[in-house]
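Read the structure below first, then the notes.
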Amino acid sequence: MARILITSAIPYINGIKHLGNLVGSQLPADLYARYQRGRGNEVMFLCATDEHGTPAELAAAKAGKPVAEYCAEMHGVQADIARRFGLSFDHFGRSSSAQNHKLTQHFAGKLAENDLIREVSERQVYSNADGRFLPDRYIEGTCPNCGYDKARGDQCENCTKQLDPTDLIEPRSAISGSTDLEVRETKHLYLRQSALKDQLDAWIDSKADWPVLTTSIAKKWLHDGDGLQDRGITRDLDWGIPVKKGEQDWPGMEGKVFYVWFDAPIEYIACAGEWAEAHGKSDAEWERWWRTDKGADDVRYVQFMGKDNVPFHTLSFPATLIGSGEPWKMVDHLKSFNYLNYDGGQFSTSQGRGVFMDQALEILPADYWRWWLLSHAPENSDSEFTWENFQASVNKDLADVLGNFVSRITKFCRSKFGEEVPEGGAYGPQEEALIAELTTRLRAYEGHMEAMEVRKSAQELRAIWAAGNEYLQSAAPWTLFKTDPVQAAAQVRLGLNLIRLYAVLSAPFIPAASARMLEAMQTSDDNWPVDIATALNALAPGHAFTVPEVLFAKISDEDREGWQQRFAGVRS
C-alpha cells in the first residue's frame, strides 16, 4: 500500500471562490485523492483557508467586522461549500492556527541561523490619507508589463507577473482610493533565495515527470533577466503571524508580521498538525507524513495549483524547506493548471465575474459541475466555460450516456425478470469482446489517473460508459427476450453488473451519483476491479436491486438561457 500526501493550493479567505479557482486546485486534487483511496492506498489530503495578508483585512473592513471574526466566519462558509462539492479533505485547516504561527516562526529562526535571511532598509509606499504603509494588495494601479489597470501591488492577475508596489503606474490606495501617496523608508526581512539558486535548479531538473507548464514557469523565474531574486518575507500589517526568530523576539521587527506568501505554504505542514490535534493523535502521527527522519521517506507528495501559484511553490517554499537544513518532505509532483475563462472573459473573485461555488450549487447538484470542470480542465492551455458547452456536455455525457444506460437496463430487468439479478444463460462472444475492450480501457484509465492527466481520464471514463451502451444496442436483450429469454437474462445480468462497475470507476469524478448507483444495486462492494470478468460477476443471480431515480436530468434550453442571463454581469 502506497502512502500519498496531497495538498491543494489554499484559497484566500476573502469570499467564496469561483469555478475557475475550484478546477485549478481543489477539484483535481480531490479527484486524485478519491482515486488513490479507491485503489487501497493510504491518503492524507490537506487544504486550508489562507487567512493573512491584505485580502483578509480589506474583506473584513468591507464586511464591517474584526478581521479575526471575519476569518472564522468565512472559514466555516468555505468548509461547508467544500463539503457540499464533495471535496474529501482529511482536514480543512486555517493558516491562522496556533500550529502555523509556531511553525512559521520556527522556519524563520532556522533560516536566520543558516544565514539565509537579511535585513533590508527599503522605500515603501505610505498613504497620508490612511495614515499607514501600503504593502502589496493595499495598492492598485496599472501593470507596467501588460497595461492591466487593476493590477495589485504583489502580482498582476491578468499577466501573472510578480510586482512590487512601487512598480505600478498611477498607484492608488485600495483602502481609500487616495492617490496622496509618498515613499518612506522602512525595514524588512528578505529570504536569500538567490543563495539557493543552484540547489533549486538541480532539484527542478530532477523532476522529469513534471508538467511542462510547471517547469517552464519555474525555470523562467530562475533564469530570466537577473535570475532568482531574494524575496521580502515581512510586511507592515496588523493581521498576521508576528515576526519572531523561533520563540525569540526579532529586534527591529516589532509590530511587523510575516508576508502571507511565506506563511501560507507552511500551513500545508501545520494543517497536518491541526488534523492530529483534532483527532486526538500524537505529533508522531503527522510527522510521519512530513519528516523524512520520522517515517515520511516512503511518502509520495503531490501538489495541485493554478499556474499563478507555481513560482512560490517551486522556488520560495522549497527554498524555505531546503534552507531550514531539516529533513522535511519535498514535493514529488507538482500538477499546475492554466486558467478557466468565463464566457469570453476572465473569472475574477475581486471583480465578482463568473459563477461562484455557492451559486453553482443553487442551480444544480455538485456532480454536474464536477464532471464538466474536470472533463474540461485547463491543463495544456486556458479553457473557457460557456453555458452552451456546459449544457451539451451534461446532456450528452451524463444524461444520454451514463444515465440512459442505468435507466434502460434496470427498467427492462424489472419489467421482464423483476427487481433481482436474473439467472440463466452464459456470456458469449459479444460479452467476451466487451470484457476485452473494458480491460484495455480500464488499464488506460488507471494510467491516465496515475499520471494526473485529468481530461484524458475523463475521456476514457466516458468511453467505458459508452461501451456499455454500445453493447446494449448490439445485444438488444429486449429483442432477444422474445426468442431466447435465458440468454437475454445473461445479457441483463452483465448490464446490472456494469452499473456496479461504473459506480466504482466513476466515484472520483461523480461521487454522489456513484453512491446512488451502488445504493440502487443494493451493494456496498466498492472494491476497485482487478479483473473485469470477475467484476462483471460480482452481483450474483438472485441479488436484489431497485430502479433508481433519474441520475442526471437534462438541462433545457430555457434553463440555460436563464442562467446565461443571470450570470452575465458581476456579483454584487
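Just so you know, glycine gets a Cβ as well, placed from its N, Cα and C.
Swiss-Prot tags one of the stretches 101-105, 161-165, 346-350, 446-450 as motif ''KMSKS' region', and that stretch is 346-350.
Checking Swiss-Prot for motif ''HIGH' region' across the ranges 11-21, 132-142, 275-285, 286-296 points to 11-21. The DSSP secondary structure for Cys146 (Zn(2+) binding site) is coil.
The two recorded residues Cys146 (Zn(2+) binding site) and Thr349 (ATP binding site) have their Cα atoms spaced 20 Å from each other.
DSSP gives Cys156 (Zn(2+) binding site) a coil state; it is part of no helix or strand.
Cβ atoms within 8 Å of the centroid of the Cβ atoms of Cys143, Cys146, Cys156, Cys159 (the Zn(2+) site) belong to the same-chain residues Pro144, Asn145, Gly147, Tyr148, Ala151, Asn158, Thr160, Lys161, site residues excluded. Cα of Cys156 (Zn(2+) binding site) to Cα of Thr349 (ATP binding site): a distance of 14 Å. Just so you know, the Cβ of Thr349 (ATP binding site) picks up 20 other Cβ atoms within 10 Å once every protein chain is counted. In the predicted model, the motif ''HIGH' region' (11-21) has a mean pLDDT of 93.
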